[in-house]
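Engineer: Pulled these from Swiss-Prot:
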type	residues	note
TRANSMEM	6-26	transmembrane segment
TRANSMEM	82-102	transmembrane segment
TRANSMEM	118-138	transmembrane segment
TRANSMEM	141-161	transmembrane segment
Amino acid sequence: MSQLTLTLLMIVSAYLAGSISSAVLVCRMRGLPDPRSEGSGNPGATNVLRIGGASSAAMVLFFDMLKGALPTYLAYLMGIDAISLGLIAIAACLGHIYPIFFGFKGGKGVATAFGAMAPIGDDLAICLMASWVVLLLISRYSSLAAIITALLAPLYTWWLDERFTIPVAMLSTLIIIRHKDNIQRLLKGEESKVSRKKRPKNP
């Protein structure tokens with residue numbers, strides 16, 4: 001099989017894997033409202049945190065990251081070049097954003113993108129997660145944390161393993177484009193902050 005054929009197959013596979021909406025499936029399994037029509041309307045971990053609590057959000061985060069990490073890492077093991085790895089990672093993110101199995105209504109692609117970056121190395125994964133968590137705790141804006149972390153990701157990659165700087169920059173660009181509405185709301189002071197679902201108190 002030629003490198004081009006293998007790359008195209010991995011791009012299609014990555015898109016299909018990305019199209020499996022973890023948020024919708026976890027909410028269905030746990031009897032929670034559909035995240036596409038509840039809260040912010042975004043089927044991602046942050047919105048599931050709002051409507052279902054931390055454990056449900058953690059499940060969504062894990063599986064969304066896995067959707068990006070698995071196809072990208074498999075392609076890397078197959079010897080696919082760095083730029084093609086970036087295209088495969090973008091395909092996984094586009095599957096998450098425009099899922100063929102869920103009416104093409106998906107999330108922002110942040111967890112899937114960061115999951116695709118994580119196999120580059122534990123050090124990069126730690127830098128990404130630490131940046132996102134610290135920025136979220138400081139600002140309470142999930143979107144702002146994602147945007148700034150996306151901007152930092154190519155710099156981290158260049159510092160740690162410059163071979164993958166361009167693919168990571170491609171993913172970061174996609175994340176920022178996907179957050180254009182959030183950027184406008186942040187500038188207007190209209191963006192919603194993250195808050196956990198409040199559990200009813202026992203009588």
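Here the Cβ of each residue, glycine as well, is placed from N, Cα and C on the backbone.
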Engineer: When you scan the chain for residues with a C-beta under 8 Å from the transmembrane segment (118-138), skipping those not six or more beyond its ends, what do you find?
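Structural biologist: Residues packing against the transmembrane segment (118-138) from afar: 65, 68-69, 72-73, 76, 144-146, 148-149, 152-153, 156-157, 160-161, 164, 168, 194.
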Engineer: Below 8 angstroms Cβ to Cβ, which residues of this chain, lying six or more residues outside the transmembrane segment (82-102), approach it?
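Structural biologist: The answer is 3, 7, 10-12, 14-21, 24, 36, 43, 64, 67-68, 71-72, 75-76, 108-109, 112-113, 116-117, 163-164, 166-168, 170-171, 174, 178.
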Engineer: What same-chain residues lie close to the transmembrane segment (141-161): Cβ under 8 Å, and 6 or more beyond its ends?
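Structural biologist: Here the qualifying positions are 46, 108, 110, 113-114, 117, 120-121, 123-124, 127-128, 131-133, 135, 168-169, 171-172, 175-176, 179, 182-183, 185-186, 191, 193-194.
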